[in-house]
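Features reported for this protein in Swiss-Prot:
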- 4-24: transmembrane segment (TRANSMEM)
- 38-58: transmembrane segment (TRANSMEM)
- 68-88: transmembrane segment (TRANSMEM)
- 101-121: transmembrane segment (TRANSMEM)
- 137-157: transmembrane segment (TRANSMEM)
- 175-195: transmembrane segment (TRANSMEM)
- 214-234: transmembrane segment (TRANSMEM)
- 259-279: transmembrane segment (TRANSMEM)
- 290-310: transmembrane segment (TRANSMEM)
- 323-343: transmembrane segment (TRANSMEM)
Amino acid sequence: MSNAITMGIFWHLIGAASAACFYAPFKQVKQWSWETMWSIGGIVSWLILPWTISALLLPDFWAYYSSFNLSTLLPVFLFGAMWGIGNINYGLTMRYLGMSMGIGIAIGITLIVGTLMTPIINGNFDVLINTEGGRMTLLGVLVALIGVGIVTRAGQLKERKMGITAEEFNLKKGLLLAVMCGIFSAGMSFAMNAAKPMHEAAAALGVDPLYVALPSYVVIMGGGALINLGFCFVRLAKVKNLSIKADFSLAKSMIITNILLSALGGLMWYLQFFFYAWGHARIPPQYDYISWMLHMSFYVLCGGIVGLVLKEWKNAGRRPVSVLSLGCVVIIIAANIVGMGMAS
């Protein structure tokens, strides 16, 4: 396996670790509605950071974006909005199916859809079937899916042992939302694929290869921001027990602390895709669809490890932890299989 591929896998791991940890600061926010907290974090992660970093990278910010016609920018924006819809459905999936089953189904679907639909859309699916490297990467995707399933099973065992149930369990509604969430969340993968002309234009301007995807985030995350912030603002305006005024009527020190914690959560959320861009840049172009599989499977892996470190599994018993450990090992094996496939 070449150093470039190894580093690509490593950066995807770092990005996924940030994704697995980003909600920790949000959990420390006190006496604020979820909508206010999520909006502050979202403004940082979807608007401030993409625009600021792009302004630092590009020699002429406005000239870069104005060089693209609507037929290039619109699909990128709409796929970003598609991801935003999946993101909103994610929380509802947890409500109706519970954390483990909801995550397992949603992540499993988005892993498959986001990974395999890209080469199909590009007319390159034959590379998966007719080449040794393609078949090996396809095997890696399958093994990763098995790993996600094992981790999901561990979570179910943990919830059963600790008496944790879904907030409003509804299998039919939950499964429908999980499928929608999985499909729509793959919009981020499709957006990265649609943004290739933007990456190439950034490279032509002399932007370092590690950073060429970052300017496209202004458009991708702009689409996601429209959906997420729109959802939050509508709820803040219409739901009687939610109020921005009430959230900002707390003691000044608490308001500042909540803003800083929400901003930190937003920063950590953004860093997952900052390092995703680094990892994506190191993956061979013919296998760039594998970036999504690496990100999502590592997200599950890191989520399990973070849970162990934070002692969330302390009272779960030995069996759930053993099953979780097995799932993590399977995901690591999947990453190695994919790496060898890309190197062959």
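Heads up, the Cβ atoms here are built off N, Cα and C, so glycines get one too.
Contact between the transmembrane segment (323-343) and the transmembrane segment (101-121) is absent: fewer than three CB pairs lie under 8 Å, with pairs separated by 6 or more positions in sequence.
Packing against the transmembrane segment (4-24) from elsewhere in the chain are residues 265, 268-269, 271-276, 278-284, 291, 294-296, 298-299, 301-303, 305-306, 335, 338-339, 342-343: each is 6 or more residues past its ends and has a CB under 8 Å from a CB in it. Long-range Cβ contacts of the transmembrane segment (137-157) within its own chain (Cβ-Cβ under 8 Å, at least 6 residues beyond either end) map to 98-101, 103-105, 107-108, 111-112, 115-116, 128-129, 287, 290, 293, 296-297, 300-301, 303-304, 316-317, 319-321, 323-324, 326-331, 333-339, 341-342. Two recorded stretches are said to be in contact when at least 3 C-beta pairs lie under 8 angstroms, sequence spacing 6 or more; the transmembrane segment (259-279) and the transmembrane segment (101-121) fall short of this definition. Beyond its flanks by at least six residues, the transmembrane segment (38-58) meets 26, 64, 202, 205, 207, 211, 214-215, 217-218, 221-222, 224-225, 228-229, 232-233, 236, 258-259, 262-263, 265-267, 269-270, 274 of its own chain at Cβ-Cβ distances under 8 Å.
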